[in-house]
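What follows is one structure encoded as structure tokens, with my remarks underneath.
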Amino acid sequence: MSDQRLDILPRQRAWVEVDLEALAHNVRQIRGLLAAQTDLLAVVKADAYGHGSIGVAQTALQAGATWLGVATVMEGIELRRAGINAPILLLGSVHTPAEIQAIAQWQIQPTLCSPKQALIFSETLSSGDRALSVHLKLDTGMARLGAPWTEAVEFVQWVQRLPHLTVASVYSHFATADEVDQTLLWQQKHCFDQAIAALRAQGICPPCLHLANSAATLLDSHLHYDMVRVGLALYGLYPAPHFRDNPDRSLDLRPVLQVKARVTQVKTIQAGMGVSYGHRFIARQETRVATVGIGYADGVPRLLSNQMQVLVRGQAVPQIGSVTMDQLMLDVSGLDLVEPGEVVTLLGQSGNIRLGAEDWAMAIGTISWEILCGFKHRLPRVAVRSTVLDRSLSSNPGCRLPSVG
Ligand SMILES: *Cc1c(COP(=O)(O)O)cnc(C)c1O
């Protein structure tokens with residue numbers, strides 16, 4: 001694991017706490033939505049959305065997931081090297097002989113997106129290799145990876161005729177499952193169903209069909225098919241507010257990750273003095289400033305400068321001035337003596353307040369996925385015991401970020 005070298009100094013400057021009990025809880029919650037025969041593929045790409053792929057993969061498998069999904073060959077190899085034997089689906093698309101040979105060697109199951117790519121795979125594999133299970137992707141409206149759904153029959157028949165390959169599943173991916181308007185989602189499902197019907201008419205019954213990401217999994221069991229591919233919800237976040245706020249669809253998902261850091265210096269500045277690069281914060285009155293050892297090189301977006309709050313002893317205090325590469329400043333005037341070494345919470349819960357990746361995402365116009373993936377390897381990942389989270393707190397207005405201004 002590439003972050004192991006950092007683990008000799010956990011909980012020192014800044015770190016990510018990963019609650020694997022919360023993860024297991026989320027897996028069980030999601031499993032509870034699925035029919036018994038439906039498989040749960042835990043998407044652990046991008047180092048499990050910043051949570052650490054090995055711990056997450058092991059926990060998810062113990063809690064009821066049966067497949068793992070990765071984006072790159074190296075991500076798959078990292079899991080195999082850790083001794084994980086579960087089937088691994090490579091969601092990305094690869095072409096080079098070196099990657100194809102690695103896939104065969106480490107028994108990672110690739111996604112194939114065109115007849116030509118399938119031919120390259122078949123020609124690269126030697127007859128000594130056992131048949132490689134492959135997953136055929138259809139494009140039903142995302143326009144990213146996959147053969148056109150209208151060509152499903154030709155594509156599948158082509159792959160079936162090639163040596164060294166076995167079709168393990170046919171799948172597609174939604175473009176808009178997290179939007180309020182579901183029109184496109186159902187159109188995509190319709191295209192997928194038509195492609196499957198065309199295959200069946202030719203006597204082809206793929207052993208596994210799958211279509212749903214987190215949003216589609218939470219939305220409707222008609223979208224589950226034989227397997228669902230769940231990322232974000234595993235990590236305890238809802239794909240969009242309407243998933244969390246709709247009582248019909250609400251699950252009890254618990255955030256898995258918290259980001260913490262220590263105060264490194266505390267000082268008092270006078271009215272009129274500026275803080276941080278560009279002096280984008282000017283003190284209106286005498287202000288107690290706490291410097292914290294975490295910055296944008298750790299994954300705190302610089303766009304949050306002057307627009308985020310940080311939890312100190314269960315109280316939300318404003319971050320002030322530009323977020324710098326390795327450090328940021330807080331206004332702690334409202335608190336009793338804060339000392340260097342004090343631990344503050346950037347994301348997570350402290351007292352009655354929870355700050356979530358979704359709050360940061362909303363404040364800077366991005367999505368929770370990008371916030372989670374942004375936490376860099378220089379933040380050690382520390383496993384923690386479950387913090388008992390009170391569900392009612394997630395909608396506490398106290399956790400709202402201050403408005404821009
Ligand atoms: C990343 C990914 C997922 C998981 O998406 P979430 O919205 O995080 O659940 C599922 N399927 C594919 C093909 C993906 O690339």
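All positions are counted from 1 along the displayed chain.
Here the Cβ of each residue, glycine as well, is placed from N, Cα and C on the backbone.
Please treat TrEMBL annotations as automatic predictions, because they have not gone through curation.
Quick look at what TrEMBL annotates:
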type	residues	note
ACT_SITE	LYS45	active site, proton acceptor
MOD_RES	LYS45	N6-(pyridoxal phosphate)lysine
BINDING	ARG144, MET325	substrate binding site
DOMAIN	256-384	domain 'Alanine racemase C-terminal'
ACT_SITE	TYR277	active site, proton acceptor
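Closeness to ligand 1 is met by none of the recorded positions ARG144, TYR277, MET325, no Cβ falling under 6 Å from the molecule. DSSP labels the residues of the domain 'Alanine racemase C-terminal' (256-384) in these numbers: 20 helix, 52 strand, 57 coil. Using a 10 Å Cβ-Cβ cutoff, LYS45 (active site, proton acceptor) registers 19 neighbours. Its own atom aside, the Cβ of TYR277 (active site, proton acceptor) has 13 Cβ atoms within 10 angstroms in the protein chains shown. Residues near MET325 (substrate binding site) in space but far in sequence (CB under 8 A, at least 6 apart, same chain), listed by position: GLY295, TYR296, ALA297. For the pair LYS45 (active site, proton acceptor) and ARG144 (substrate binding site), the C-alpha distance works out to 17 angstrom.
DSSP gives LYS45 (active site, proton acceptor) a helix state. DSSP gives ARG144 (substrate binding site) a coil state; it is part of no helix or strand.
Here the Cα atom of ARG144 (substrate binding site) is found 40 Å from that of TYR277 (active site, proton acceptor).
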